[in-house]
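Data first, discussion second: the structure below is written as C-alpha cells.
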Amino acid sequence: MHPNDKKHRKVRKCLNEPNFSGQHLLHNPRIVRQIIDQSGIRPSEIVMDLGAGKGAMTFALAEKASSVVAIENDPRFAEILKAKSQAHANVAIIEKDIRLAYLPNKPFRVVANIPYAITTPILEKLLDPPTDFFQGAMLLIEYGAAKRFTSRPIRDPRILRWRMWFDLELIKVFPRTEFSPPPSVESAIFRIRRKADPYVQIRHHRHFAGFAEYALKRPELPIYVVLQGIFTPPQLKHLFKNLGVDRQAPICTLNERQWGMIFRTMLERVDAFRWPKLLRRK
Ligand SMILES: C[S@@+](CC[C@H](N)C(=O)[O-])C[C@H]1O[C@@H](n2cnc3c(N)ncnc32)[C@H](O)[C@@H]1O
C-alpha cells in the first residue's frame, strides 16, 4: 500500500460530511483489470481517467496506453496521485474539475469510475458536439442512468443526438460490494463506441440538434403530425413511401436509421429557412 493511502483513509474517517463527491473507490485490482481489458485501448492511445481517486484505474491503465491523463479535483487525492505518478513517466495528473478540464486534441479514450453526480455533464463534454478525437469509453455509472441512455423509445433529443454518432451499451450490472464505501444506488458498466458509419454526417450535428429538439418536443405525437411542421404534403408523401413506418405511430418510436432518413430528406428537399433551429438557452 502507498504510504499516502493510509493517511487519506484517516482523513476520510474524520470527515462527518456526506459523500457528495461520489468517492466510491475500487479496491479489487482483478476487477479493474477486467474492465480495462474490455475497453479496447490501443497501445498508441491516450486514455483519460475522469475522477481518478487514489489511482485504482490510473496506474493499471498506464501499462496499456501510450499515456494516461488523470483528472481529480480533491486536493488530498491529487496529492496521492502525484506522489504515485513519480514512478510512471506516462501519467499526467490534472487537479481540476472534470467539467472544466481540456480534452486531448489527439485520439483518446476514457476509462473511468466517474462521479455519478456529474454523469450527464461528462457525457455532454465527450459527445456533444462529437469530435474526431473521442474514440470511446468504458465507464462505471449509475445503473439507472445507463438504462436511461440505452432504452427505447428515445424521448430525449440529447440522447437521440448522442446515439446518432455513438453506440451506447449497458454491458452489465456492477456489484456495489466492489466499491469502498458502497454507493447507495446500483451501478453498471457502460460502453460508448463511435459508430463506424453513422446515418448523419458529423458536420451536420448542429442542424440535427435543432431538428431533434423540434421533433421530440412532444415525443408521443404521431410522426406525420410532427413532420407536417417541416415538410410539404408532396414531400411527406415521398418520405413515407421510403420510410416504411406507420405514420400514426408516436415520433419517439423511430429508430436511428429512420431519424437519419428523415433528416437527410429535410436537407435535400426542404428550403434551409424552414429547418428547425436550435433554441438558444439563457
Ligand atoms: C467514484 S470515485 C472513483 C475513484 C477512482 N477512479 C476509483 O475507481 O477508485 C470518483 C472520483 O471523482 C472525484 N470527483 C468528484 N467530482 C469531481 C469533479 N467535478 N472533478 C474531478 N473529480 C471529481 C472524487 O473525488 C472521486 O475521487
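The backbone N, Cα and C atoms fix where each Cβ goes, and this holds for glycine too.
Worth saying up front: this structure is predicted, and the values here are computed from it rather than measured.
Residues His24, Leu26, Gly51, Glu72, Asn113 are given by TrEMBL as S-adenosyl-L-methionine binders; from Asp97, Asp128, Asp132, that same site also lists Asp97. Residues within less than 8 Å, Cβ to Cβ, of Asp97 (S-adenosyl-L-methionine binding site) and separated from it by at least 6 positions along the same chain comprise Asn73.
Taking the domain 'Ribosomal RNA adenine methylase transferase N-terminal' (31-196) as a whole, pLDDT averages 96 in the prediction.
Here Glu72 (S-adenosyl-L-methionine binding site) comes close to Gly51, Ala52, Gly53, Ala78, Leu81, Ile93, Ile94, Glu95: these same-chain residues lie at least six apart in sequence, with C-beta atoms under 8 angstroms from its C-beta.
In this view, Asn113 (S-adenosyl-L-methionine binding site) is surrounded by 26 other Cβ atoms within 10 Å of its Cβ, with every protein chain counted.
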